[in-house]
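S.K.: Can you read through this structure? Questions will come right after.
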């Protein structure tokens, strides 16, 4: 199974993944957000440790060709430089399950990462064989066995290089384009069986942070126009699944904290919310995505191994 990574700045990375990593020859990945430990000893939370162990079990039992890290990788103020010990204390020494051995991580930054040195997280790609963060905005092209079509995944295409951005109004709101940008990544994916887009901030969320206004205004039309299969994100510290306008929204932000409040239930379209889980007693959770020619199955897993919710998305073609 080959994976090509094409970046918007003519930078490319390619690597090989074993088809045996996923039972049945499908391609699977684990989506984990808001997993970044603590800035003081022991630099991890019990929930992060439990989730790391469960991530390894899920990769071994259900398949895991890579991990998609959805941001807030290091609480609360990111890292200082590429040699910051937090890389070891909060990442390398925590995600050590046999099921994660040799599994690449494709990384994006969250608001807490931007409070520190995001360039250092990019440069850490040179120090770790499994940490892949080549550029703030990049795309993956995935090839499914037995399927003539490919799968595209764009990471944070909502803010393209060179597009003027409006001032950031608060640390919890991203700097968005002032006008709707063209999105070459999505235009190039017109013939793909599945198109996935990922970013740290949610488009829709019923939880503490709620919908991200500028993404509703600017990214949501792009997702609908290009018939995107799903948008994956974190930021709110729970698990959610929503459907709206033909697009699935997968929120996986339960890697380190859990919050069960839903103050924005009336801020999402009626009927959009299909699943929510944020029990404070829970040891955390994440999403597992299995891609096959017949469909993409999204399974929300608690760190106990319990299946919380499952949905299968049809191919676009």
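For all residues, glycine too, the Cβ spot is worked out from N, Cα and C.
Predicted automatically and left uncurated, TrEMBL annotations should be read as such.
Pasting the feature list from TrEMBL:
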- 1-16: signal peptide (SIGNAL)
- 28-238: domain 'Calcineurin-like phosphoesterase' (DOMAIN)
- 34, 72, 75, 237: Fe cation 1 binding site (BINDING)
- 72, 111, 200, 235: Fe cation 2 binding site (BINDING)
- 117: N-linked glycosylation site (CARBOHYD)
S.K.: If you measure from the Cα of residue 34 (Fe cation 1 binding site), which of the recorded positions 111, 117, 200, 235 is the nearest?
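M.R.: Result for residue 34 (Fe cation 1 binding site): the nearest of the recorded positions is 235.
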S.K.: To the nearest Å, how far is the Cα of residue 117 (N-linked glycosylation site) from the Cα of residue 75 (Fe cation 1 binding site)?
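M.R.: So the alpha carbons of residue 117 (N-linked glycosylation site) and residue 75 (Fe cation 1 binding site) sit roughly 12 Å from each other.
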S.K.: Excluding 34, 72, 75, 237, which residues of the same chain place their Cβ within 8 Å of the centroid of the Cβ atoms of the recorded Fe cation 1 site?
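M.R.: After dropping the recorded site residues, what remains is 33, 35, 36, 110, 112, 234, 235, 253, 255, 256, 257.
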S.K.: Of the binding-site residues 72, 75, 237, which one sits closest to residue 200 (Fe cation 2 binding site) when you measure Cα to Cα?
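M.R.: In terms of Cα distance, residue 200 (Fe cation 2 binding site) lies closest to 72.
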S.K.: Cα of residue 75 (Fe cation 1 binding site) to Cα of residue 235 (Fe cation 2 binding site): how many Å, rounded?
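M.R.: On Cα coordinates alone, these residues lie 12 Å apart.
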S.K.: If you count Cβ atoms within 10 Å of the Cβ of residue 117 (N-linked glycosylation site), leaving out that atom itself, what do you get?
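M.R.: I count 18 other Cβ atoms within 10 Å of it.
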S.K.: In whole Å, how far is residue 111 (Fe cation 2 binding site) from residue 72 (Fe cation 1 binding site) when you measure between their Cα atoms?
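M.R.: Spelling it out, the Cα of residue 72 (Fe cation 1 binding site) and the Cα of residue 111 (Fe cation 2 binding site) are 6 Å apart.
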S.K.: Determine the mean pLDDT over the domain 'Calcineurin-like phosphoesterase' (28-238), rounding to the nearest whole number.
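M.R.: Mean model confidence (pLDDT) across the domain 'Calcineurin-like phosphoesterase' (28-238) is 87.
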S.K.: Near residue 111 (Fe cation 2 binding site), how many other Cβ atoms are within 10 Å of its Cβ?
M.R.: 20
